[in-house]
Amino acid sequence: MAEKKGSSSEKTLYCSFCGKSQHEVKKLIAGPSVFVCDECIDLCNEIIRDELPSGSEAGEARSDLPTPAEIKATLDGYVIGQEPAKRTLAVAVYNHYKRLRHKESAKKDDVELTKSNILLIGPTGSGKTLLAQTLARTLNVPFVMADATTLTEAGYVGEDVENIIQKLLQSCNYEVDRAQQGIVYIDEIDKISRKSDNPSITRDVSGEGVQQALLKLMEGTMASVPPQGGRKHPNQDFLQVDTTNILFICGGAFSGLEKVIENRTEASGIGFGAAVKSKKARSLTEAFKDVEPEDLIKFGLIPELVGRMPVIATLAELSEDALVQILTEPKNAVVKQFSKLLAMEGVDLEIRPSALKAIARKALARKTGARGLRSILEQSLIDTMFDLPTTSNVAKVVVDESTIEENKPPLLVYREAAKKA
């Protein structure tokens, strides 16, 4: 339907797609024996735009893939110390997304690059979770964090492992292509270890069964996820998400693993001819450096799961100096956060070096790592922050060592005194 003869001698042209005449549209473009109107062109552009975003955004996220040095530099801005772990993570993540690029352009006969999931081992409060969160922010990819302790086998009360993929989809507005190239961080992975080496007659619904379910996700499977709205739309088809290219990072404190490592590395013989060795007390940092896959299996992880996490990064225990740095140096440091809160009241915050060291010592004594720093400082400032909104003329709050060690109230400097000084 390209043209029709009207009552007059001139021909009226019609769009070959929608059938509208040249008088009903703004523009009619001619081709070889066909015509297309501006409205049909706009409609085609809209259809193409609706179908492209997920793929194009996923490409954009990796088009400017940062180098390992750039990834580490970003991590340095948020995580103090842990140099070996940051270097290991930077290289592993860079290689993972480089592998995805290779897969898109690879031919049939090319070498197939396999995925390398990551295991982070380190004491509580050493920065495992923060490293994973910062990585995802650096790469601009979908990220979700899951707690392994809440996971159970399918059919039991608790979270199914496929709920992790649903949360990943939610984080990127249900764009399947983007989710398939995201990062999943599973915390407390050590808490789902087998309770014993011998299989029990009772079901271990939150231990080995969960490990088996996670294994399927890690090695790559088609996960069926309810569409947006879930049960509200029971007639909708389930979304199929391929987990082959999702990077899994697992983290855990692995309390007790150091004993397994020591038993392996310091095994001694029995009898009169055996060499007598005194067991030296080693720090967690030194012990974790010697970790081998067999130690993780002995600890309670199934061999198949250990095999799916070839990259192992160990995090060191934080020293007093490192904790002082964490208090002040990172972009979102605890001291900077409290300074910002008090600045909203028009008050300056001064924390003296002796107080910073006292906070670090207290956190070390509590064995909470960097996670305990905020609670210690908050506890010292809670009464002051309660009174500040109703107290006038306060210019500065000063926290010294006695505030932390002896629970004395911080020193308040008033505006008149500040002017005289």
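Positions of Cβ are set from backbone N, Cα and C atoms, glycine also.
Keep in mind that this is a model prediction, so the values were computed, not measured.
Going by Swiss-Prot, these are the annotated features:
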type: BINDING; residues: C15, C18, C37, C40; note: Zn(2+) binding site
type: BINDING; residues: P123, T124, G125, S126, G127, K128, T129, L130; note: ATP binding site
type: DOMAIN; residues: 3-56; note: domain 'ClpX-type ZB'
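Averaged across the domain 'ClpX-type ZB' (3-56), pLDDT for the predicted model comes to 75.
Note on P123 (ATP binding site): other Cβ atoms within 10 Å of its Cβ, all shown chains, come to 21. The Zn(2+) site is set by C15, C18, C37, C40; from the centre of their CB atoms, other residues of the chain with a CB within 8 Å are S16, F17, G19, K20, V25, L28, F35, V36, D38, E39, I41.
Taking the C-alpha atom of P123 (ATP binding site) as reference, the shortest distance to any of the binding-site residues C15, C18, C37, C40 belongs to C40.
Each of G122, G251, L315, G369, A370, R371 belongs to the same chain as P123, T124, G125, S126, G127, K128, T129, L130, is absent from that list, and has a C-beta within 8 angstroms of the C-beta centroid marking the ATP site. Listed in sequence order, L318, A363, T368, G369, A370, R371, G372 are the same-chain residues at least 6 apart in sequence whose CB falls under 8 Å from the CB of G125 (ATP binding site).
In the three-state DSSP assignment, the secondary structure recorded for C18 (Zn(2+) binding site) is coil. Under DSSP, C37 (Zn(2+) binding site) is assigned to a strand (E or B) in the three-state scheme. Separation of the C-alpha atoms of L130 (ATP binding site) and C18 (Zn(2+) binding site): 55 Å, rounded to the nearest whole number. Nearest to C15 (Zn(2+) binding site) in space, judged by Cα atoms and limited to the binding-site residues T124, S126, G127, K128, T129, is T129. Cα separation, T129 (ATP binding site) to C40 (Zn(2+) binding site), rounded: 50 Å.
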